[in-house]
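Below you'll find the structure, written out as structure tokens, and then a few comments.
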């Protein structure tokens, strides 16, 4: 049983690292106010600079004005132990990570049909400041698309996120 728990925790950390990387646009190991602003705005929110600064302060243990992975991991662990909004315990250790992945998937799946098309992927990448050619977007879809339908479903998305962390 302990071996299963360790594996789940390792998988969860890998999922959290991928979520962290989604925010950490320049890959320097910390989430700045500007990076947080970019992602939050891509989710359709319009926070003030003060609200963004407060979000960072809430988790910035070392007080340096950015969120490092350890601080992000601590935040995710606290969320998981609270069991989310339903008040449940933290026994379902994969639930928080699964919910994070589902939220990330929803960002890409603009029409909420359960599939990410090349056009949806292109739109999100542009809104995040990524400049990709049509060929690069299509290549990303081909690499993730296991069933060959030209789109990425949730299971393919999860697999892609897990592989990109290795």
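The backbone N, Cα and C atoms fix where each Cβ goes, glycine too.
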Further Ca(2+) 3 ligand in Swiss-Prot, beside 109, 111, 113, within candidate set 100, 120: 120
Sorted by sequence, non-145, 147, 149, 151, 156 residues with Cβ within 8 Å of centre, Ca(2+) 4: 115, 141, 144, 146, 148, 150, 152, 153
Long-range Cβ neighbours of the domain 'EF-hand 3' (96-131) (under 8 Å; 6 or more residues past either end): 11-12, 15-16, 19, 22, 25, 38-39, 41-43, 76, 79-80, 84, 137-138, 140-141, 149-154, 157-158, 161
CB-centroid shell, 8 A cutoff, Ca(2+) 2 site 60, 62, 64, 66, 71, site residues removed: 30, 56, 59, 61, 63, 65, 67, 68
From recorded positions 113, 131, 147, 149, 151, the one whose Cα lies nearest residue 66 (Ca(2+) 2 binding site): 131
Tally of residues which DSSP labels helix, strand or coil - the domain 'EF-hand 4' (132-166): 22 helix, 2 strand, 11 coil
Lowest local Cβ density (other Cβ within 10 Å) among binding-site residues: 120, 149: 149
